[in-house]
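Colleague: First the structure, then my questions, so here it is.
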Amino acid sequence: MAEERKLYVCMRCGRTFSKSEMEILPGIRCPYCNFKIIMKVRSPMVKRIPAI
């Protein structure tokens, strides 16, 4: 199974980074500007489910 890379975006500086880059600092913070509020990027693929 291929490892899926999770991407995050900083709400202050707008840079995109991975979880491994985020682990440089203690806690959950942007590795570039040290801001606490980050957002996980959703995958561009739409998940379709059948109607009941």
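A Cβ is built for glycine as well, from the same backbone N, Cα and C atoms used for every other residue.
What you see is a predicted model, and the numbers here were worked out from it, not measured in a lab.
Copied straight from Swiss-Prot:
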- CYS13, CYS30, CYS33: Zn(2+) binding site (BINDING)
Colleague: Quick one: which residues besides CYS13, CYS30, CYS33 have a Cβ within 8 Å of the Zn(2+) site's Cβ centroid, in sequence order?
Modeller: CYS10, ARG12, GLY14, ARG15, PRO31, TYR32, ASN34, PHE35
Colleague: Under 8 Å between C-beta atoms and at least six apart in sequence, can you list the same-chain neighbours of CYS33 (Zn(2+) binding site), or say none if there are none?
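Modeller: The answer is CYS10, ARG12, CYS13, ARG15.
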Colleague: Relative to the Cβ of CYS30 (Zn(2+) binding site), which residues of the same chain, six or more apart in sequence, are found under 8 Å away?
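Modeller: Same-chain residues close to CYS30 (Zn(2+) binding site) (Cβ under 8 Å, separated by 6 or more) are CYS10, ARG12, CYS13, ARG15, PHE17, MET22, LYS36, ILE38.
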